[in-house]
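Per TrEMBL, the features are as follows:
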type	residues	note
COMPBIAS	211-226	compositional bias 'Acidic residues'
BINDING	Ser421, Lys427, Glu428, Asp457, Lys657	UDP-alpha-D-glucose binding site
BINDING	Lys658, Asp682	Mn(2+) binding site
TRANSMEM	982-1005	transmembrane segment
TRANSMEM	1017-1038	transmembrane segment
TRANSMEM	1109-1130	transmembrane segment
TRANSMEM	1142-1163	transmembrane segment
TRANSMEM	1175-1195	transmembrane segment
Amino acid sequence: MSRRLSLPAASPVTVTLSPGRGGGGSPGDGVVRRGSALTSPVPRHSIGSSSSTATLQVSPVRRSGGSRYLGASRDADASAEFVHYTVHIPPTPDRNAASTDAPPPPVAASEEDRPQRSHVSATIFTGGLNCATRGHVLSSSVDGGGARPAASLNMCCKMRGCDMPAFLDAGRPPCDCGFMICQECYMDCLAAAAGNGNCPGCKEAYSAGSDTDDADSADEDEDVSSSEERDQMPMTSMAKQRFSMVHSIKMPTPSGNGKPGEFDHARWLFETKGTYGYGNALWPKNNGHGAAAAGATSGFVGIEEPPNFGARCRRPLTRKTSVSQAILSPYRMLIAIRLVALGFFLAWRIRHPNPEAMWLWALSVTCEVWFALSWLLDSLPKLCPVTRACDLAVLADRFESPNARNPKGRSDLPGIDVFVSTADPDKEPPLVTANTVLSILAADYPVEKLACYVSDDGGALLSFEALAETASFARVWVPFCRKHGVEPRSPEAYFGQKRDFLKNKVRLDFVRERRKVKREYDEFKVRVNSLPEAIRRRSDAYNAGEELRARRRQQEDAMAAAGASLGTTVRLEETAAVKATWMSDGSQWPGTWLAGAPDHSRGDHAGIIQAMLAPPTSEPVLGGEPGELIDTTGVDIRLPMLVYVSREKRPGYDHNKKAGAMNALVRTSAIMSNGPFILNLDCDHYVHNSAALREGMCFMLDRGGDRVCYVQFPQRFEGIDPNDRYANHNLVFFDVAMRAMDGLQGPMYVGTGCVFRRTALYGFSPPRATEHHGWLGRRKIKLFLRRKPTMGKKTDRENNNEHEVMLPPIEDDDHNQLGDIESSALMPKRFGGSATFVSSIPVAEYQGRLLQDMPGVHHGRPAGALAVPREPLDADTVSEAIGVISCFYEDKTEWGRRIGWIYGSVTEDVVTGYRMHNRGWRSVYCAATTARRDAFRGTAPINLTDRLHQVLRWATGSVEIFFSRNNAIFASPRMKLLQRVAYFNVGMYPFTSVFLLVYCVLPAVSLFTGKFIVSHLNATFLVFLLVITITLCLLALLEIKWSGITLHEWWRNEQFWVIGGTSAHPAAVLQGLLKVVAGVDISFTLTSKPGGADDGDDDSFAELYEVRWSFLMVPPVTIMMVNALAMAVATARTLYSEFPQWSKLLGGAFFSFWVLCHLYPFAKGLLGRRGRVPTIVFVWSGLICMILSLLWVYISPPAGVREGIGGFSFP
């Protein structure tokens, strides 16, 4: 069996490969010894009869460039036969280059020196400002479980029912497969088959070198002493599959000059019946790790031509397809036609004013010019929409199949750290967060490469204990998902779906096990729902006990004081009892208490880190133990690491809301797991497609993926009413605008469902960038921020590798590159004082690189570099993580200004994505999935008030962006022109609401006054209006065609654009101006998340019909009332007029009807389920209508009414 040789760079290691017995080794002995020889575990065959030993000594050499070379040297024995070659081992994060004069590390640590993972997972770590970091060992570990106490240690016997320490022979297990077994079980296996027992792990016979008795090994060596006898020794099937089966031969006699003679390839092929293969090795059939095919006719039995590894490297992981030209060309042509029509229309409107109502004409023309500009900014980025798809089969073949550098076929995929953020368990139910976490733990991604971090910004004990219950239920849910391949892997969504769950299920035990897991999930929900009451009762009981003990101590002190004062009366002072919140083990909760107290309130508590699930082992752990809820025989029961994090909060510090919490998770994860990629999810967005993480990796690891800063997935929602009254799906944005931006420089970041490259979050620049100069950015300048390797001599390439920069250069705010020395000096200033965190940055950058054997990749990593186990998690690591989540860590650093999520805006997501694009990074939009399933699904507010407040928060953030340095006007040349237009439109669209308000009132004013925006309706005006309307409708149809949305969804989006533009957007403009001009801070409340649909269909959309008063409702209601009243007044006046002017009535009535149609969903929402509208809505709306009517009467009194006689006048 193949074994990865761990060669620490701190000491020279001599490794000797011997084809025969000698040098202190025996055939079959594959033990790595320091200072001794390493003999091959596979006996080699030789043509000649000579048994002389051919040795190859390999020594690591320290190079200044960071690379390590193993050079072959001649043995002292001149008669030895050898092959002259050089092996190059590049540096990897787990094998860094170091000086050779350092003392060698010990071969094997004792059991006491090994870090105990179970202790870490059972300990809650706290710390912060002016307090020491403490580790409190809980009485009952969440990570543990009595069934398998030593499973996480990976150093105990893996035989069923045995937990004895593993038996190691010179630092390695008895079998080459690495199966841990104790000495007693090992002797039982040998005794069961008369000394030739099979390994329980690989089912192969134990090799001769596995015996512990050296004398027995020597006896076996004597039995096989000659090369002829060794030729007849059969190889195990595992050795045939994973080792080179090219038999050793004797080299011809050296010539007189001391050089070996010419190798006779024909003789070698004839006598060994060998074939040429990859690396002069025979390749077994079935992709290198299956059984030999029967009936093979050529070469060895079961041997075929090796796979074409070059073709494997060239197969793309992703593909990009443009929209069909049959749709895109007419779409672009219609945009040009409408643009020309708008230009002629506005020119005609300006040249033909209305002398009877100049003010009405001026207002209308101003609004129309602004609307034309807004439409142009919205349409230009939609000229190049694209569609992307990925190939998961190529990803598995490239990163998870056996190859020369990864013979075991371990996963070579990079690690992913998943962030889940929550802040208030009252508005974000813990059961919703639990379902999100369960879907992450059950995702289809290598278990050892996945880690989940839950940020509880409120520090609530309810969230902590709910997460502990989630970790316990995950031991049942995750194996069930892996065994039966269920989708989706959120239990609430899976058990609540209304479709045939037996479709494509063939296992006979599926129904029975599904019923058991469903019952277990129901009990889990009951336990989580009962946690608030349980915590309250427990805290009351402990507080009562503490109060009684305090009174008893107070009475004893009083009695002692009275005895000392000889009968004088001592008055007892009543002390207020502290109402603490208590954990289940009888200790006080270090976070927020139910009754706020100093150091235990929402804005004042210590930092907390708890590893709910310890990091898993690198080898699969198969279930099948008796007593389990479901049969997990043959199922990997490992779980990804799960960590609870609550950052420290203290008064007087700005904690920066969600952005600050996400940056705290970035630093914590860098120290504990350091995955090179980060996926962030809201607490109500669960993984709907278990392969979504793999799809994101396809874009990151494909050719050109080193320039991708993040992969954005579309937001999909469930629990929305079938009519989508308030356009909660927002498909026009996610399926039209985002796909169009994907054809430019990439979509913007929308806050959730996004896979980040960690180094991009750290503020580094991409390896390559393009600057756009000249008119419309037509002149492009390529920037290579990393030095290309020299294409000259080999020595030149080696010297160039010595000076290779591992990280992209750090740039200042003006995009000027800093030198290596200056960058190194600024690292602590930029990232903080944690040396562990700073040292993790180059490791994350290296692990996120592309494979170096891909075409066009100059700075990649070798294949198999990440197929190594992670370092165990110890208490020192968690203590360091406590320090980086303190409230003062970000002081005098660039966190929030250049690094991580950017501070200073309500919409920190858009600003963070803009900064990355401004540095030259690209992003990718992954809308189409391979399984035709949404990657993530979440919930959206279906209540009108909640929806308006959500839009208000987004619009306010856009206004902040417009008045800041993040405005796209100040973008760098590395951002494309149309990408600038898209970002500029993001900051400008709220200001359209001011003109929309005016334009919605103009039809009513026109009907009241009897005047129109034009002097008379002539043919020119109607033709222009007709062309503009028809082109708009055709553009909408083509957008529907290439985006895949429906006409109903497009119309809902248009309706809510008017609703939001007349309610939330004007308020956002006002708040943004107050913040910019007067410095008034803006605060928002969290959007309430529904706790899940009820069993009854009648109450599933109960929130849709709830009417909650908000001042945002006043402007739309006023507009509706004014337009309805104006239509009635104008109709009556025209009918009873001696000279009716039907053209003006039709013109004003058409625009008023257009306004009312767009506001219809708003009116329907105000009526509620039973038609009840809050009285305050009518009061405010009626008052505003009266004021506007009186103001109009004062400005334009009716004809025939003299001032002061029978008329109304203001004092």
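Keep in mind that glycine also has a Cβ here, set from the backbone N, Cα and C atoms.
Here the CA atom of Asp682 (Mn(2+) binding site) lies 13 Å from the CA atom of Lys427 (UDP-alpha-D-glucose binding site).
Contact count against the transmembrane segment (982-1005) (Cβ pairs under 8 Å) is highest for 1109-1130, out of 1017-1038, 1109-1130, 1142-1163.
Asp457 (UDP-alpha-D-glucose binding site) sits 8 Å from Lys658 (Mn(2+) binding site), counting Cα to Cα. Contacts of Lys657 (UDP-alpha-D-glucose binding site) defined by a Cβ separation under 8 A and a same-chain sequence distance of 6+ are given as Glu908, in order along the sequence.
Rounded to a whole number, the C-alpha distance linking Lys658 (Mn(2+) binding site) with Glu428 (UDP-alpha-D-glucose binding site) is 14 angstrom. Distance noted between the C-alpha atoms of Ser421 (UDP-alpha-D-glucose binding site) and Asp682 (Mn(2+) binding site) is 6 Å. Put simply, the two farthest-apart Cα atoms among Ser421, Lys427, Glu428, Asp457, Lys657, the recorded binders of UDP-alpha-D-glucose, are 16 Å from each other.
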